[in-house]
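Chemist: Let me begin by handing over the structure; questions about it come next.
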């Protein structure tokens, strides 16, 4: 009995030793696996530190770029105010921080909260106003018994323009547009205040401008939604400048005496077309530079002998292309007596024929401007003989020598107003 108990105790001790050995083996194996995994991933901690450093550098770059942006915008503001030296200092500081800040900057101005930049309700700050005219009219009439188009910002002892009646103010606006149809000045005037914006959108002004351009062919504004849209979208010639084309070619000169040398000449000349709202047109072909010629085309009373005067009309054919037809001729001389004061001097004989030139042009748009290109489609000379009344027509081939005319706006043409619209 005692021997059996001893055998049982020995078996239990051997089982406990085996369990202890297995647990130690498992612990050693787990430690080995952990060490092995740490050896396989030695840079995991380094990657975390690298990502933190990259994030820190990115924040520093963003802060530096924001600082450079503020300095650059400050330099722009100082330059606009005339403080050139201060502007140079800010420009230099901005360029030292970010050399290419000029190309990264966004010039759109954010509204200033101190000056009422949030003129819309908070729920409408990011929503585009569909009908700005209706909105401004509502703002002016809201809470005002007597609507005023504008109010003076500072106190003044003189009479402010807001004291003028609406009819007088509209008459001033017609003077701004003038008989030259300077609608560009009207658009600039509408930027002054909300009241001027409303006056500049008056349909009668735009209707009068459309009637000056298209006459009886625009009695209805369909398919356009307004007279202003018709004036801006419908093809027309422009009056606030001149259409210019440049043609150049090379021709042979005369041979030298020894026959070994022949000169070559590069010939350049310009064509100018100036349109007026009353249907008149001036045409000039000359080798003179536009810097010299353009000021002479400001008035219809120009004294240049080479200028041809005439009239034009707009035509929209079935192919939906707008064409301009021009008829020009030399201005007739004033009638003088047959004999001058000196009996030995006769005046120049009356020409036996009259010459006129007929031009056909196709109106199109090129680049970012509208209606700024005229392409030649026809050019002919009509000679009418006084003795017989016969007219001879000579048509010219429209080839590459007839380069398109492009519009150039001339500020001096609309600098003064002679008559209201």
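For all residues, glycine too, the Cβ spot is worked out from N, Cα and C.
Below, the features straight out of Swiss-Prot:
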type	residues	note
COMPBIAS	11-20	compositional bias 'Acidic residues'
COMPBIAS	40-52	compositional bias 'Polar residues'
COMPBIAS	54-63	compositional bias 'Basic and acidic residues'
DOMAIN	158-209	domain 'F-box'
REGION	1-63	region 'Disordered'
REPEAT	68-101	repeat 'TPR'
Chemist: DSSP helix, strand and coil counts for the domain 'F-box' (158-209)?
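Modeler: Here the numbers are 36 helix, 0 strand, 16 coil.
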Chemist: Near the compositional bias 'Basic and acidic residues' (54-63), which same-chain residues lie under 8 Å Cβ to Cβ, leaving out any that are not at least 6 residues past its ends?
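Modeler: Result: none.
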Chemist: Based on DSSP, tally up the residues of the compositional bias 'Basic and acidic residues' (54-63) by helix, strand and coil.
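Modeler: Looking at the compositional bias 'Basic and acidic residues' (54-63) with DSSP, the answer is 10 helix, 0 strand, 0 coil.
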